[in-house]
């Protein structure tokens, strides 16, 4: 039972990170119906941006306050990754609107290959470790054999995710931008006729998705303490699985899906075999897409001519 | 007239562009450079390396960043000055003319390049032998030819799935792996010869294609892509982790080599050389492998070309253009897709068993997602559906980096330790995006349907 509880906490932490990435997938899919294949690599890139700012702040500027460093790194990573998100949308996706059906996906695969190899070229192929920033743990329960702990890192990750989801939900449900975004989701042409700047709304969606990926990337670096250029692919696919499982296009669904995927993966590694944990995630993806492509909270899709 | 009104609508923007003056262009280019600066901070500006101590060390590279920004500035300015003019003219022309002339004009280079490429491919071992002095010294070229032809075959195989049927398959390499491992296992465990294993490998791969395709082919395009991607990864992970079956990440080695239809390429009595009264040369096997993959690739091409003339092939192309219309016309879309999927998988299986017999060694490393992406990039750059385009793209993308690696002057320009292969995938990615943005229908030829109506109703 103690083991289960500990794994549950670990799973929720992992799931929070997946959920944050999944939000980016789900928003972009909702608004232009495209799988942003490069999103996982944007996440990886943001992790590198966070890594470098972390090093600058701690080794060069000598900042010691953990909270301050974390906050500055988070904000800088979000801003710069958002710029990448904007640039990618502008260069690789916007010119393709109205092209044939698979064009955006192929372009996104191109961006994905470009990003991971770009980081490999400019930063080298080796793993980049950082010293652990936060070590403290809270002991939740203790007996002779087991201690169930919640580390500060895990607490930070879960709280950040919860706060961001709340903020985000507010943004989409209650602000003019959110209304514009939902209008574009339903009918882009009609939204344009009603005076909504569709291009800008789509751009902003990409920017927000990238910023969320940057939060996930920073938290990922904080949690694992190591990042490499190839780290975008597998988390990206898993987060996409999460988005599909939760119902693609639905924001709470993305986080719910992320948590479920995180839990399944953690329990699978804990109770069955750690080697096949990725197989488990990929199998879930296939099974969900075949049997319930609309996901848990999604609306069934109607194919129109 | 519909055309007249389109010109009328575009005319103001054309006029507006003409008035755009140099300061405006400079401002625009400066903006581009500024964005580049933002993108380059900090991933380009600082490189992280493991230093002497325990932690990472940062090295500043602001010179590189400045260079990048300057390059972007100049390129953008040049684009506005030169290409702006060209694209403006093109706008007017394409609007004024109907697009009916375009396919006829573009079909011409294919008539020359096609037979030329085939001729070079057929005589490559001879050319290599004469060019380098002897057969053994030409080995580099023949090996390169084998590598390129393997990708040409894989590209043509995937072209059936992606180019003809319009199904985006991101896990194509899984079928390649099935072919490679089925030859490796059948030959080492059961001692079957290559010529029995080759069709079996194709059958296995096709069976896997049907197995995967049957449930997933009802999905819409991008979901299908992701599912095939997941399938490819599952196959790879199983190959890595099921050590008893596949040897794990160490792979399978000492796979029997190819024989000349039963006659081994050995030096002694009963070998290929003594049977045909030749002096023994290890190059015989390499040349044989070269022609083997050439024949396999040409079979793939021939089958594709013939399939396009069959009702099934026509249905593939119709499916690519409009799936809902196909369904309305009574085409069984699932079966049609399944045949394309299985056929594509079969050719990957053939190529896989060729890969295994050539290398004598297979490991899961060779079958990662990147390999799928490279094959897909070849098909995309080739123009999705064009046979010649795929061949040219394979030569350009697999052959060119190999050749660039041996060019000494690049090292002199970019400094010692410059390896074009590092940049190969970077360029692949950029090229895929550029193709989709500028020429989504291919560089040298178009993927027009085999049959089309004379006048398209608008």
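The backbone N, Cα and C atoms fix where each Cβ goes, and this holds for glycine too.
Curation does not apply to TrEMBL; its annotations are automatic.
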Quiz item: TrEMBL lists transmembrane segment for one of the ranges A:137-154, A:155-172; which is that range?
Solution: A:155-172
Quiz item: Any chance the transmembrane segment (A:243-267) and the transmembrane segment (A:155-172) are in contact, meaning at least three CB pairs closer than 8 A with a sequence separation of 6+?
Solution: yes
Quiz prompt | Recorded stretch that, among A:42-61, A:100-119, A:155-172, A:202-223, has the most CB pairs under 8 Å to the transmembrane segment (A:12-35) | solution = A:202-223
